[in-house]
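**Student:** I have a structure I would like to understand better, so I am pasting it below and will then ask my questions one at a time.
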Amino acid sequence: MWTFIVCFLVCALQVSAATTAQESDPKFWIENAKRMLEEKSKQPLRTNKAKNVILFLGDGMSLTTLTAARIYKGQLQNTSGESEHLSFELFPFTGISKTYCVNSQVADSACSATAYLCGVKTNKGTIGVTSKVPLGDCPSSVPEEHRVTSIMQWAQWAGKATGFVTNTRVTDASPAGCYAQTAHREWESDADMMKVSNGTTDITQCEDIAKQLITKEPGRNFKVIMGGGRDKLMKQGVNSTGLRSDEDLVINWKNDKRTRFSDKISKYVTTRDELAKTDMSQTDFVLGLFHRNHMDYKLKSNLETQPTLQEMTRNAIQLLQKEPNGYVLFVEGGLIDKSHHKTWARIALDETLEFSKAVSNAVAMTSEDDTLIVVTSDHAHTMTMAGYPKRNENILGLTRSLAMDNMTYTTLSYALGPKKSFTNDSTSCHRVNVTDDDLKKIDYQYPSLVDRISDTHGGDDVVVFARGPMSYLFSGNYEQNQIALGLAMAAGISTDPPTNGSNIGNVVRLQLAGQTILTIITLMSLVRTLQYSS
């Protein structure tokens, strides 16, 4: 044990010494910056239409999460993590989106999903409906004028294949934004509707989220559905863990594919091995439900039974890439958010790295010439990184500095959460001493200022990364709903239903709008160049 500790400290000192030697030379910084700027100056503006679109969503992936995750990545490799990068941080265009809901300064995953997938901001807790629909009000969500459609529906109207991958329940708020129209994000099954509504609204006119996924457009046409949440689709029974009282939606899915697509191959899989044995080049539809609830965190999962986000993403692309008209794919790393809610910082950072691997895999499998990849988050979390820790200090450890109470503190902490930072005794209120805490525990709960059952979301803006055709559309600072419309514009697909079987006029208008934006960007760049040269 002591040998390991000594070796670790020696290696850490070597990394620190090497980094210090390089960075003390100003040429290191100047040459590094010049190299990066030279690469940027040669980056082409791809103005062509995107055949394929992949939207990656790191749920709860705040800016602090990105910073801490890249340091964590480097430290796992025994390098200086501060100068590391996540795969998508190398994308040529970045922007910042504003995440607030119509009725809330801080977003949840439902209203934000409606924004970045449907192009419309709405009320907290509602999905696929306008802000005229109050939370939990079924009757007000029924009129068509109170409903909105998603990028998935637009893509299907344009003849593209669609699908989604998540490591949460397939009926959770973020993926539900792809297909559901509901007054309450918790109406995931018919049993949930009875429980959540509790007689406060007439729910007879509304369908639960799982049923919409399997029986309504655009969900019933998805080529790929992968994630957890099997119990929300399965019927209650002696040999079933299902929660539904009406029907088994897995059986419904199988029957639907046999009836409507008798000449196509469809597969229902529930384990990693079944997924690995499925030849996606010979498969047309896949429903993968790998857990009864949310899938397990990577650090806690059984890899013999549960695929990784990277593996699900790879299989989804393999299935979709044979589509002649292209595809739109949504991929969510949803466990970043779930771990942040519990203030499990180590797991949140690890899930961010898993998300980065999935993006890297997608980049390797696609071409920047015809595939637009956008990476973003729906909202922030309240995790902070502070306290002047020294370079190469363990991002998940203590700062080794003392506060005014002569106790040290963790570099990472939360504004709200289940682990109190302060405690009361008979004489005073004082901060909890974390010096002897086991910070190596996978699920160590990091301290929070405000005692709450779980961390809440943060109201910060979130970063958007983009590469591929018309990726320049995603630069700047803008409302979150612009993302969905930018995806549609880049792919040349309309947000309106087909008229007489054609969307050509709308597509042309979108493409012309994209060219106009490019012209403006080019002119602005020219003006800046003239200003600098003068």
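Using the three backbone atoms N, Cα and C, a Cβ is placed for every residue, glycine included.
What TrEMBL says about a protein is an automatic prediction, not a curated fact.
If you look up TrEMBL, you'll see 1-17 marked as signal peptide. Here TrEMBL flags ASP59, ASP337, HIS341, ASP378, HIS379, HIS457 as Zn(2+) binding site. Summarising the annotation, TrEMBL assigns Mg(2+) binding site to ASP59, ASP172, SER174, GLU332. Positions annotated as active site, phosphoserine intermediate by TrEMBL: SER109.
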**Student:** Using C-alpha atoms, which one of the recorded positions SER109, ASP172, SER174, GLU332 comes nearest to ASP378 (Zn(2+) binding site)?
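**Tutor:** Nearest listed residue in space: SER109.
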**Student:** Which whole-number value in Å describes the distance between the Cα atoms of SER109 (active site, phosphoserine intermediate) and SER174 (Mg(2+) binding site)?
**Tutor:** 6
**Student:** Going by C-alpha positions, which of the binding-site residues (ASP59, HIS341, HIS379) is nearest ASP172 (Mg(2+) binding site)?
**Tutor:** ASP59
**Student:** In sequence order, what residues of the same chain, 6+ apart, have a Cβ less than 8 Å from the Cβ of ASP59 (Zn(2+) binding site)?
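**Tutor:** When sequence neighbours closer than 6 are ignored, ASP59 (Zn(2+) binding site) has SER109, THR168, SER174, GLU332, GLY333, GLY334, LEU335, ILE336, ASP337, LYS338, SER377, ASP378, HIS379 within Cβ distance under 8 Å.
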**Student:** Report, as a single number, how many Cβ atoms besides its own are within 10 Å of the Cβ of ASP378 (Zn(2+) binding site).
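**Tutor:** Here the count is 30.
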**Student:** What are the sequence-distant neighbours of HIS341 (Zn(2+) binding site), meaning same chain, six or more residues apart, C-beta distance under 8 angstroms?
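**Tutor:** Correct list: GLY60, HIS381, SER454, ASP455.
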**Student:** Taking the center of the Cβ atoms of ASP59, ASP172, SER174, GLU332 at the recorded Mg(2+) site, which other residues in this chain have a Cβ no more than 8 Å from that point?
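**Tutor:** So the extra residues in range turn out to be LEU57, SER109, ALA113, THR166, THR168, ALA173, PRO175, GLY333, GLY334, ASP337, ASP378.
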**Student:** Give me the long-range Cβ neighbours of HIS457 (Zn(2+) binding site): same chain, 6+ apart, Cβ under 8 Å, in sequence order.
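**Tutor:** Looking at Cβ-Cβ distances below 8 Å from HIS457 (Zn(2+) binding site), excluding near sequence neighbours, one finds GLY60, VAL106, ALA107, ASP108, HIS379, ALA380, HIS381, THR382.
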